[in-house]
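TrEMBL annotations:
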- B:6-29: transmembrane segment (TRANSMEM)
- B:36-55: transmembrane segment (TRANSMEM)
- B:61-82: transmembrane segment (TRANSMEM)
- B:94-112: transmembrane segment (TRANSMEM)
- B:149-166: transmembrane segment (TRANSMEM)
- B:192-216: transmembrane segment (TRANSMEM)
- B:228-258: transmembrane segment (TRANSMEM)
- B:264-283: transmembrane segment (TRANSMEM)
Amino acid sequence: MNKRILTALLLSTASMSLAQTAKLSDGIIKLGVLTDLSGVYSELSGAGSVKAAQMAADDFMAANPGYKGKVQVLGVDHQNKADVASNKAAEMIDRQNVDVLLDMPTSSTALAATEIARQKKTVAMVVTGGTTALTNENCNKYTFHYAYDNYMLANGTGVAATRKGGKSWYIIYPNYAFGQDLNRQMTAAVQATGGKLITPSEATPFPNTDFSSYLLKAQSLRPKIFGTMQAGADLVNVVKQYNEFGLKAQGIGLGIGLLFETDIAALGQDAYAGALATIPWYWNLDQRSRDWAAKFEKAFGKKPTWAQAGVYSAAMQYMNAVKRAKTDDSDAVVKALEGYSFSDFFARNASIRPQDHRVLLNVYTVEVKPKSQAKEPGDYFTKVATIPASKAFMPLSESKCKM
Amino acid sequence: MNLQLLLIQVFNGLVNGAFYALLSLGLAVIFGMLRIVNFMHGALYMLGAFVAFALGQTLGLGFWPSLILAPLIVGAFGVLLERTLLRRLYGLDHSYNLLLTFGLTLLLQDLVKQEMLSQFAVSSAPYTAPASLAGVVNLGFVVFPKYRLFVIAVSAVICLITWFVIEKTRVGSVIRAATENPVVTRAFGINVSAWITGVFGVGVALAGLAGVLAAPIYSVEPYMGAELIITTFAVVVIGGMGSILGSVVVGFAVGVLAAIGAALYPPIANTLVFILMALVLLVRPNGLFGLPEGAR
């Protein structure tokens, strides 16, 4: 027999025996981070999310020597466009053999990419996209929703702010899927807690730079809370102009729907001081979080946002599920994930709801502290309330998910 | 809506109008004199804001020095562009300078984005009004930020000066002559090419000035000019391409109308200007203050 054929045979039997211990489709667990590498969400997710996934891969391999060299990370730019996200998701799964899609900022791209993942029977873990549709009308067997969603944001901030005396609200929201959804959820949460809307919520153009009309209206309506469902650059504009018009001094508080650490960095924390928001994690939550954040900062050069920390956690939980299932076959991994309970540096008291694949975890309503109270750079938040995992998310009874 | 709220919005609209006017004024000067459709104007406005921010970060310069320096720097950058790139396209179709300025816009936005990403945040850079203009003032019918009043005043003064120089002074008549009939003007011993460069630089500096003025109100970010420039072009078209008076009057008017629109029916705020443009063009194809080609 030819020597080369013999070696090939030997190698293939060797790899087959390897595959016996962990049946990996192509011998590799490939984590595909589908994210915004160039646009408005690139700093809160983007390259930092790819780095977080890489850290998770490295940590997983170090802890599980059997998988050494078998985890790879691929970062792909979806440009926040649904059509691009669809194409890239299909390409990642078909051509690059990606086993799981992660991150997916922007609700529209998350919905588009998870639909492709469903068709191709590939696991998708949405971390940065917020729409509750992912675990409701658009839920499916292969999609998991990690970290946060609009219901949890509204439920946390709406309830906490109303309880703190914010009985009357004036809410504005950007007129697209995310904003409309968040406004609905926020309005419901405020009303359920005994608060009321002074005037029906107002849709603003999206994107928008000038919010003075709404701020002047708030001035004359005098609500206790001016609620803004804007996100990213639009939120930064709202907050800047909220301060410019001196609304805080006029006794009008600020309630924020979706807040990332990078929005605070963009204006300085004093601009946000006193504002309430709900987040799934922050880097100086406790020692365990600080330790991880320090590692991330050393590797990436910047402190992690909660979105990036969430990507690490989601990637790690996916790999752990592969390990439990002893294969990266999607159906088996889904089975290993469903109903699983865990607690890591990011997700506390966490479990994965089998009926709609909502990942439940403790979340925190925080108040942004003024710079004078910050003990170190990036020390932004005072914890107002911990919302236990069982209370933070939409109860199953309200879910529209039919899986 | 009650009358007071309407009055407040009319007043508030003057602020956005001030920016539209300053930007469309620069566009009108550049188009009216040089026949360049400067698609880059929005990016240069962004550059003005970014230069002001960068001057603060690196040299610790406050708002007041930046208000003078940043437009000069942006203007100088404009002169450089005119000398090296734009002047090669004068004999060619408008679409060439449109493509060039559009390409430069993308380049400039990406350069600034890279610069900001490497520093901290692409969504915005912090910039606040100077202490002397911080805070609000009670005008009786509304509590309004002092800084916004200042913006209205500066814009009005600059627009008036520009109009006066171009329409009423000898400098203005030389510029108009140089662009109307360069050959004859040259025969009088006037350096036409230098005048053209100068006019472009001034037009661009106006965009830079608008950018510095915008920095304390809007977020300083790479794409801050991208949305504004579309509205500004609509303003220039409504006013009449190249009409100085038209750009200023329509600029302020559009700001006021958009504010009323935003208060009455928010979704229409950003569309109003285009509806207006369509209506005006139906009745007056050369714009409100425009004259037919060749009748200037």
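Using N, Cα and C of the backbone, Cβ positions are placed for all residues, glycine too.
TrEMBL entries are annotated by machine, without manual review.
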Which of B:36-55, B:61-82, B:94-112, B:149-166, B:264-283 shares the most C-beta pairs under 8 angstroms with the transmembrane segment (B:192-216)?
B:61-82
Can you tell me which of B:36-55, B:94-112, B:149-166, B:228-258 gets the most C-beta pairs within less than 8 Å of the transmembrane segment (B:264-283)?
B:228-258
Which residues, given as numbers and ranges, are at least 6 beyond the ends of the transmembrane segment (B:149-166) yet have a Cβ under 8 Å from it?
14-15, 18-19, 21-22, 25, 29, 133, 137, 172, 175-176, 206, 209-210, 213, 217, 244-245, 248
Are there residues at least six beyond either end of the transmembrane segment (B:94-112) with Cβ under 8 Å to its Cβ atoms? List them, or say none.
35-40, 42-44, 46-47, 50, 81, 85-86, 222-223, 226
